[in-house]
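According to Swiss-Prot, the features are:
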type	residues	note
TRANSMEM	3-23	transmembrane segment
TRANSMEM	34-54	transmembrane segment
TRANSMEM	73-93	transmembrane segment
TRANSMEM	107-127	transmembrane segment
TRANSMEM	184-204	transmembrane segment
TRANSMEM	225-245	transmembrane segment
TRANSMEM	263-283	transmembrane segment
TRANSMEM	347-367	transmembrane segment
TRANSMEM	371-391	transmembrane segment
TRANSMEM	395-415	transmembrane segment
Amino acid sequence: MNTLLVGINVAVMLILVGVLYYMQRKHVSFNKRVFTALGVGIIFGLILQFIYEPTSKVIIESNTWFGLIGNGYVKLLQMIVMPLILVSIISAFTKLQLTKNLGKISGLIIGILILTTGIAAAVGIAASAGFDVSATGLQQGDAESARLKLVEERFTSIEKTTIPDKLLELLPTNPFLDLTGARPTSTISVVIFAAFIGIAFIGVKRKYPEQAELFKKMLDAVYAIVMRMVTLILRLTPYGVLALMAKTVAGSDINAILKLGNFVLASYVALIVMFVIHLLLIALSGLNPIQYLKKVFPVLTFAFTSRSSAGAMPLNIEAQKEKLGISEGIANFAASFGVSIGQNGCAGIYPAMLAMMVAPTVGIDPLQPQFILTLIAVVAISSFGVAGVGGGATFAALIVLSTMNLPIGIVALVISVEPLIDMGRTALNVSGSMTAGLISSKWLGELDQDTYNQDDTKTGEIAS
């Protein structure tokens, strides 16, 4: 019987995919197809919630099949991330886009990311205090116990890692290993490796222009192929969003969410406040924040459904270049740095809130100015090297809690609402990287304001 029900659910999903394909054939705009997929995915997931239990075998098996579309799409995006970073940043050097302002661009983007992460920590602290969020009364069931065991194992691996050690881990010792994404800091390491190649190209160009020109032509060909791959993958976005949203909603445990409702509400209030701060920073830079919101919303929608900052990176770069008018070099740097440095949601708001929740259990007053200032500083510094894939927030929380000498068990006790909160955190992470790129581009005078102010419904070649 279960097999029949699963088959029906999968058949309905395939019909919905067919509807999206029909919309594509009728040249419905890319943004409209993404929003349609989001809405239909939520409705389909709610219907499955109503018919079955979230933990039923039918839902679990159906979600496994839905994952072929949703998770498969995310994996394709992750596949292209490292090649995209490598060729894009080297290409920025060969096109003389970064040679004069490399240090200024990097410093400004990283500075904005770290600053906004510190602000995000303060927002998380305020939300925790305002909603009186506490770890008292949280119960440890089987799922929490299993998660706690994994958390303790992970904590053991990072317990003795100092901040200087973390900074050293950003440097690539084996760039080929980092191209596989094997380390949490692989993204930044690939950026550094690509920058070294770009700097070397500039030196070779001065002494051996013929060899440099040959390298440039080869790189241009590779760049064109990689960007074509990006375009092909991004065209699958509506299908990925549909499957991911249906899977997430169908598998969410409403009762568990209600038990931690205060924490969920406080988290989303903090996330929304921080997003408004992004818009205020954009407005203070002399740009229309509403225009920004309209143009990046499809990217944030995908980040929300996929829960992967790294997976959203190709969309992130494409939107920065084609919709916001940010120069190619700055767009690539902002998106690349934003995956591993200064994640406002996962490395800012989340660890700060957990620290505020658990501090009273060890006799610390979380509202003491010294504790708050120390926590903000620790959160900002610890945001270096947080992976832009699932588990990054846990990694950040463990570092912050251990540095503040606080119990780490709280990380396991909120597992039941982790997917729901992670969706909002990831969207904020991506918004933070795009905000850093936009503000940096504006301040350095490299923003194409005509492109930024232009109303459109397409993202480059994606919609075609």
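Just so it is clear, glycine is given a Cβ too, placed from its N, Cα and C backbone atoms.
When each of the listed stretches 73-93, 225-245, 347-367 is scored by C-beta pairs under 8 angstroms to the transmembrane segment (3-23), 225-245 comes out highest. At the 8 Å Cβ cutoff, the transmembrane segment (107-127) and the transmembrane segment (347-367) share at least 3 close pairs (sequence separation 6 or more) and count as touching.
Listed by sequence, the residues of this chain that lie at least six past the ends of the transmembrane segment (184-204) yet keep a Cβ under 8 A from its Cβ atoms are 81-82, 85-86, 89-90, 92-94, 98-99, 102, 169-172, 175, 177-178, 211-212, 215-216, 310, 333, 336-337, 339-341, 385-388, 392, 395. Within the chain, the transmembrane segment (73-93) has long-range Cβ neighbours (under 8 A, six or more residues past its boundaries) at 99, 178-181, 186-187, 190-191, 193-195, 197-199, 201-202, 219-220, 222-223, 226, 229-230, 233, 236-237, 239-240, 243-244, 306, 308, 310-315, 317, 328-329, 332-333, 336, 339, 389.
Here the transmembrane segment (225-245) does not lie next to the transmembrane segment (263-283) in space: the count of CB pairs under 8 Å, restricted to residues six or more apart, is fewer than 3. Within the chain carrying the transmembrane segment (34-54), a Cβ under 8 angstroms from the stretch's Cβ atoms is held by residues 5, 9, 12-13, 16, 19-20, 23, 62, 237-239, 241-254, 298, 301-302, 305, all 6 or more beyond its ends.
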